[in-house]
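First up is the structure itself, then whatever we jot down about it.
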């Protein structure tokens, strides 16, 4: 296994990794708190959350396997070269564990809070069922030959596939409602920061090793960052440009006295009584 050539780049890599973890981890909580404050998940696509949980679960299997399993690491080195570095860092594993946990909390909120007419679509149910059935079949295929790297690559491909389609229900819901109310913009901004940080972390490792194997050796992480950034930019455009939140010019709280409630011009009947 290769070692770092530059201490400065190694430190930068680790700092970027934990910054990315922080952005992505903290990014879940504005949505959790928004749901809790409203006691409602109206405006948050349930399909998005269900698909997101499936994505993070498959990504956790990939990250944990490649980071902890010596057998998987051995097969990785045999394929990409023993002079390469494992493309999964501790922050990747920590993020995956945290993501599955918090997404489960949001699913619990969906089950208990007001959700209006929203429900999981048959398409989303079919996708989730099909994905896990496919994963089970691939596991059975890999067992006789111990093709562990191939198997976890399948889970990595699943998380890429789920990342591509998971944002679509939320973007479509925003388009239909012409509003982003119910979707925390802070979640989107932190998700964007995490995507940029993740890509930068991979670039730092590649620069140090003078090799781009890090990108195509972990194509799932590469595509995850690019897809997240692309959809986050779309959500930001929807929130601030296409469907900005419309707030009243005068808040009811600004009316503090009885005089504020009286009309500026008296009615005709009142004027007549004064003349009499």
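FYI, residue positions are counted from 1 along the chain as it appears here.
For all residues, glycine too, the Cβ spot is worked out from N, Cα and C.
Automatic, uncurated: that is what TrEMBL annotation is.
According to TrEMBL:
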type     : residues : note
TRANSMEM : 12-32    : transmembrane segment
TRANSMEM : 93-111   : transmembrane segment
TRANSMEM : 123-142  : transmembrane segment
TRANSMEM : 148-168  : transmembrane segment
TRANSMEM : 180-202  : transmembrane segment
TRANSMEM : 222-243  : transmembrane segment
Would the transmembrane segment (12-32) count as touching the transmembrane segment (180-202), i.e. at least 3 C-beta pairs under 8 angstroms with sequence separation of 6+?
yes
Who are the chain neighbours of the transmembrane segment (12-32) in space, where the CB to CB distance is under 8 Å and they lie at least 6 residues beyond its ends?
4, 44, 89-92, 94-95, 98-99, 102-103, 105-106, 109, 183-184, 186-187, 189-191, 193-194, 197-198, 200-201, 204-205, 208
